[in-house]
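As given in TrEMBL:
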| type | residues | note |
| --- | --- | --- |
| DISULFID | Cys169-Cys178 | disulfide bond |
| DOMAIN | 140-179 | domain 'EGF-like' |
| SIGNAL | 1-15 | signal peptide |
| TRANSMEM | 357-376 | transmembrane segment |
Amino acid sequence: MLLLLMLPIVQLIHGLDVSKFVPKVSADNSPCKSCKILVQSFEKGLERTKNGHFGGGNTAWEEKNLLTYSKSEIRFVEIHDSLCTELSQDQDMCFHLSSEHEHHLKEWWTDGRQEDLYQWFCVDKLKVCCPPKHYGPECLPCTGYPNVCNSHGTCKGDGTRKGNGSCKCKNGYEGTNCDHCADNYFVILKNNTFTCEKCHKSCKDSCKTSGPKGCNECKDGWVYMGEGEGCVDVDECLEQDVCTSQQFCVNNDGSYSCLSCDPSCTDCYGDGNDMCYNCASGYIMKDRKCIDANESYEVEEKTDGQCYLNVYKMIPTPIRIFSIMDTKWKSSDQSRYLTYGGLGVATIIIFRMNTTLASIVGAFIAVYIMVAEYIMNELYK
């Protein structure tokens, strides 16, 4: 019975997003990093309160008798009480550290803040950090100190009580103090300093200077063409049988690619149905394109701008001619002849009412028909 009563509570807890109740913690929660975060928070408090003063009614008397606000315990308490509140992560860790070492922070404050807080608190008191460019339990100088790693790398353990002080060089540099160029890089000297620049993509392993002319040796897919040109790309597509008959060749720098022909081609020299040498089964060549044989059609254009669509080429020629004639008649003659017929019927009706008027109308209609037919014949010549 008790289990049944607790079941809804268990289900509620199971459905909660626990991450909302877990404080955010950074990936690097080392003692030195934690100390740095606390010091940064304290320094922000110093900046925030630098223009502050006592809250009483007689500030001048208070500062004369209680020392200035800037050095007062009241200011320290205000800063300490607001420590870590601005943080979005590592806040709990910061709160714990500030509470545990409040007496150290107060000692630094009452001694007149003569030293840098980070150096006094994190390096000398807690001994969790080292000065910049130093590493390890004894805070030894990093390799190449003071020009650590020739400014081309980072010291392992820099500023912490960890690491071995060796250099982690940037791309293109190597050596104990990052003082050499790596393979496929070359040296540039300027103002007594050196930098390493990457060789041209045509160079194999090394070069003297930039560009294809500076290569000591060319990579595969490139050929040396003398000092004037250096390493030049080989166009493999000019060679025979590089790709299969159903593919076409595309040259790339130092290499090539074989891409499939359009499905309408049996062989080709490029992408698309307009680049076929021969058409595949079910396709025919028309206007230098391989098109579906079942969709092939002809279009006839007349001077009046009208287009008449033929039936498929596979239909016998007599039927196609009949279809053309039938299509033309339906599209132009039918409406014209119906108009003539209507005028004739109207003339007959008028004739039964008034012969004179019918004669005049009939003559007018006759002239109209002759002129219309003449114009149509001229257009279709």
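Just so it is clear, glycine is given a Cβ too, placed from its N, Cα and C backbone atoms.
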Handout entry: Chain residues outside the transmembrane segment (357-376) and at least six past its termini with a C-beta under 8 angstroms from it
Key = 332, 336, 340, 343-344, 346-348, 350-351
Handout entry: disulfide-bonded residues (Cys169, Cys178), the one with most neighbouring Cβ atoms at 10 Å
Key = Cys178
